[in-house]
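Notes follow the structure.
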Amino acid sequence: EDPCLGGCGLNTMCHTVDKISMCDCKPGFIGYPFDGCYPEECTMNSDCPEERECRNKHCEDACKNACGLNSHCKGIKHRPVCSCRPGYDWNPFFGCQVQNNKACSEDSDCLSNHTCSNFKCVDPCDSVCGNNTICTVENHHTACACRPGFVGNPFQNCVDQDTIKPNKTYVIQQAKVNWFSANEQCRSKGMQLASIMSATEQADVERAYIASGISSYMWLSGSDWTSKGHYVWSSTGKSFEYTNWRPGEPEVSDSYRCVAMISENYTWQTRGCSSELSYICEKFKN
């Protein structure tokens with residue numbers, strides 16, 4: 001009996017070695033030859049195995065980026081089918097949530113723009129930011145900024161910049177944290193992450209930098225979270241007017257969304273927001 005009979009899948013070639021069948025995909029096809037091979041390039045879903053779908057002329061996993069938190073995915077007939085993990089129930093607003101009347105036990109149980117409070121997923125913007133502010137949430141971390149035309153501490157209160165002329169003092173913090181934590185740490189000390197609105201303030205920061213004796217990158221409050229390539233200070237909500245970018249900066253990229261100061265020459269550079277750097281807080285004196 002021919003050992004190749006029935007041994008290989010679709011779109012394969014079979015040959016025998018010592019009466020043992022060996023299967024290979026045909027030229028231009030990829031996959032598992034004993035189960036079946038599919039074209040390297042596709043034009044429709046039927047060109048692909050059932051657990052894959054045709055995207056950009058390639059057979060890709062139908063489950064890729066398809067389901068939410070705490071879920072399982074299975075590709076069936078070229079479409080993703082999602083189900084909750086054991087111990088989780090479906091919630092139409094938040095996806096799979098912890099059972100037993102507890103929507104969450106930690107922030108990661110919630111959508112990235114919510115946090116876990118008293119076992120419920122809540123919008124932190126309802127309670128964190130002060131008056132006249134703009135609130136954004138990224139990966140469970142809250143960022144508050146004064147509305148355009150307002151200045152102050154966005155976690156407490158922002159006031160019309162035409163009615164008050166506050167003086168800023170800069171405080172260097174040696175501990176190394178990510179950009180989101182730097183915002184939170186300054187706030188916990190009654191301050192906020194530093195902004196630089198003019199050449200005078202740039203000089204003030206440089207003096208504080210030198211006096212600290214610290215030689216490392218420092219987080220500033222600038223980022224382009226609100227609009228890629230459009231940089232805003234979280235302390236004022238204002239777009240950058242004065243800048244002191246390092247040559248070749250800013251590098252507009254999904255990987256580099258936050259702004260830091262370089263210790264060698266005090267110029268600015270975009271960095272990955274998860275990088276752990278020292279940081280500069282500012283406080284206002286009327």
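Backbone N, Cα and C define each Cβ position, glycine as well.
Those TrEMBL annotations? Automatic predictions, nothing curated.
The disulfide bond recorded by TrEMBL for C125 joins it to C135 [selected from C110, C135, C144]. Secondary structure at C125 (disulfide bond), taken from DSSP and collapsed to helix, strand or coil, is helix.
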